[in-house]
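Everything on this sheet refers to the single structure shown next.
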Amino acid sequence: MTKAQSIAEIKQLLQAPVTEEQLATFAADSRAGVQKLVVQYHKRAAKLAAQKAAFEERRQTEKALWPDYPLVAGIDEVGRGPLAGPVVTAAVILPHDFDLWQVNDSKQLSFKLKQELYREIMAQAVSVSIGIASPERIDTENIYHATELAMGEAVAGLDKQPDYLLVDAMTVPTDIPQEKLIKGDARSISIASASIVAKVIRDQLMINYDQQYPGYDLANNMGYGTAKHLAGLAELGVTPIHRRSFSPVQNAL
């Protein structure tokens, strides 16, 4: 007689996809612990299926364009709201077979997953380019125009000229046909990829700045006006990476 698998063994097996036959065997197991594991497995499978379906829905934006515009670039920015640091923009052209289903609005992703997806996007993308709006440019041009210019630089820096642009809630100063998508990082895989690239790069910049300018908690707040950041401004004053046109910084001058 074959010895029944332990609940611990079944739990380990159900961490990965199993065959319908295996699942039926576990479902017929009368032990309450096994029944609980089967329910959890079905919930995880349903969640995964929903995430993949949502990715495919976002991918439809690009698929509708590809027959006429084979090279579609998604453009997004990170960092318009902080008191310190640059705005980082990214332009990303994805291959038509891109299927990294976890790619979504970077605000929905954990720090670790963003790092992993960043590496995959950089490896798989047809082309990636970055544009930077420095604090000085932000103060000179205003935040919106500085971001537009940085987006234009990101597009110009692509090593393949895109046929069409999908832009998150802004307009890029270029003659290339484009579409402005509100909440585009949740509607387009190219924009979502650009948001991840821009976010990871900007976060690393702010972590580096935290070493250069300690006392503002920049590695944690990423330049946003948290209580610790404002306390640092009050105690230590303004650094070269602060945006002097932003009122909380002006108050510390």
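In case you wondered, yes, glycine gets a Cβ from its N, Cα and C as well.
Per Swiss-Prot, the candidate among Asp163, Asp168, Asp175 that belongs to the divalent metal cation site alongside Asp76, Glu77 is Asp168. Within the same chain, the residues at least 6 positions away from Glu77 (divalent metal cation binding site) whose Cβ sits under 8 Å from its Cβ are Val87, Val88, Thr89, Ala90, Thr147, Ala150, Met151, Asp168, Met170, Ala198, listed in sequence order. Less than 8 angstroms from the CB of Asp76 (divalent metal cation binding site) sit Thr89, Ala90, Val167, Asp168, Gly184, Asp185, Ile191, Ala192, Ala194, Ser195, Ala198, each of them six or more residues away in the same chain.
Within 8 Å of the Cβ centroid of the divalent metal cation site, not counting the listed residues Asp76, Glu77, Asp168, the chain contributes Ile75, Val78, Thr89, Ala90, Met151, Val167, Ala169, Met170, Gly184, Asp185, Ile191, Ala194, Ser195, Ala198.
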